[in-house]
């Protein structure tokens, strides 16, 4: 009891820790929901080049996670800790590179390289923030209940971060209507980019300056929040070296640790299940703005629909925290994530109905909350299970967290690249006020049929995950004895 009391975290410490999760979610949400439509309709990149930037950027982002995990495992402890220096140093450079992603350079050539370079730089720097922050879960307390409680605080703030990202980006950008071109200008044109060139020669088009300025203003506000959250995290949280140490700790090399981690069955089964469910929600996120704008016809409403989804998710995080403690984490996975399936089908089948769309947005937010909370709540259980099987191994927390993020990011990069290429093949028309029926059908598949299939596959894989509530309690007792 005395040990548990010493390991107990104050509400202030949990809040400061939770605030550190907001920067990744605020920027990730803004990029996830708006970057594709920004490239296509504001920067006016060809969909093929936009798909290259999205794929390479996300693939590079995935590669940087294990790289950063490797370097963290080699980092020596300082008076600030082993993880905090990474967070402190990366923050200012990440904010600068994030702003430059939303800046349209006045150059006729080289725009693709501009966005590719700064997108990759930002993804590297935000990884230097988020991987050590994720691993910090194991260094704030040795008590599972305290880590789970802190994770619930973190998930609530992270979903609130997605609300802020959606609200800031959506409301600032949504106040400026992006100029579009009526589809009859494209009739008889086999290539939409050729049609754009001819149209610019014969018709006066509305300037995009206001829209571009709105994106930069939103980037500036989000960058300021990023810095503020990083300051609160570093000031309010103490990294405890002893929280992850066992009596018999001996250093093991990174590659030996990586081999041990990848041979741990519970970890592989967990990330396999979340790989597909996370991919479903990422695919939905990346194409939802285009789906609302063109397929449903809610050009001036999509930012509000996105906001409703994130508000619903934020408000239901405490419910899912109660649910998983009452009924178990595996049950929460099945109930929470599968609840999105009927509503994803409904929005595609019923078509353009604003009331139905808002209803679906509320229901989708409930499922998004479960998808946010559960991976990060279950990963520490896997780490504890690993420690019991390998008590002589230490310092591999960053490997567990970074490779989970690696797999989800890499597959999401592939999916986003393929989805943007699919729109190109379907005949997507840059800055068009409407799109061909083939594009609308493709968008329906990308936000309904494909995510539903991925969710079902992920839930099937979760049947193999071995750590239930009884196993978790036994691991907790065994770890206490080992310490």
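Even glycines carry a Cβ here, placed using N, Cα and C.
Summarising the annotation, TrEMBL assigns transmembrane segment to 15-39 (among others).
Among the features that TrEMBL reports, transmembrane segment is placed at 83-105 (among others). Counting same-chain residues at least six beyond the ends of the transmembrane segment (83-105), those with a Cβ under 8 angstroms from any Cβ of the stretch are 20, 23, 27, 31, 35, 38, 42-43, 68, 72, 75, 111, 114-115, 118-119, 121-122, 125-126, 128-129, 131-133, 135-136, 139, 212, 215-216, 218-220, 222-223, 226-227, 230, 233-234, 239, 398.
As annotated by TrEMBL, transmembrane segment applies to 112-133 (among others).
Long-range contacts of the transmembrane segment (214-237) within its own chain (CB-CB distance under 8 A, at least 6 residues past either end) are made by residues 12-13, 15-17, 19-20, 22-23, 26-27, 30, 38, 42, 80, 84, 87-88, 91-92, 94-96, 98-99, 101-103, 129, 133, 136, 140, 164-165, 168-169, 172-173, 175-176. Sequence annotations record features per position, and here TrEMBL assigns transmembrane segment to 214-237 (among others).
The transmembrane segment annotation in TrEMBL covers 266-284 (among others). Taking Cβ pairs closer than 8 Å, the transmembrane segment (266-284) reaches residues 32, 333, 337, 344, 364, 368, 371, 374-375, 378-379, 382, 385-386, 400, 403-404, 407-408, 411-412, 415-416, 419, 446-447, 450-452, 454-455, 457-459, 461-462, 464-467 in its own chain, all 6 or more past its ends.
Outside the transmembrane segment (304-324), and at least 6 residues removed from its termini, the chain residues within Cβ reach (under 8 Å) are 29, 33, 152, 155-156, 159-160, 162-163, 166-167, 170-171, 174, 288-289, 292, 298, 331-332, 335-336, 357-358, 361-366, 368-370, 372-374, 377. TrEMBL lists 304-324 (among others) with the feature transmembrane segment.
The annotation transmembrane segment is assigned in TrEMBL to 331-349 (among others). Under 8 Å from some Cβ of the transmembrane segment (331-349) lie the Cβ atoms of residues 273, 277, 284, 320, 323-324, 356-357, 359-360, 363-364, 366-371, 374, 444, 447-449, 451-452, 455-456, 458-459, 462, all in the same chain and six or more residues away from its ends.
When Cβ-Cβ distances below 8 Å are used as the criterion, the transmembrane segment (355-377) is approached by residues 134, 137, 148, 151-152, 154-155, 158-159, 270, 274, 277-278, 281, 284, 292, 296, 298, 305-306, 308-317, 319-321, 324, 329, 332-333, 335-340, 343-344, 346-347, 404 of the same chain, each at least six residues removed from its ends. If you look up TrEMBL, you'll see 355-377 (among others) marked as transmembrane segment.
According to TrEMBL, the feature transmembrane segment maps to 398-421 (among others). Nonlocal intrachain contacts for the transmembrane segment (398-421), taken as residues 6+ away from its ends with a CB within less than 8 angstroms of a stretch CB, comprise 36, 47-48, 50-52, 54-59, 61-63, 65-66, 68-69, 72-73, 83, 127, 130-132, 134-135, 137, 254, 257-258, 261-262, 267, 270-271, 274-275, 278-279, 282-283, 286-287, 375, 379, 382-383, 386, 446.
Outside the transmembrane segment (441-465), and at least 6 residues removed from its termini, the chain residues within Cβ reach (under 8 Å) are 266, 269-270, 272-277, 279-281, 283-284, 287-288, 290-291, 294-295, 330, 333-334, 337-338, 340-341, 344-345, 347-348, 419, 422-423, 426. Residues annotated as transmembrane segment in TrEMBL: 441-465 (among others).
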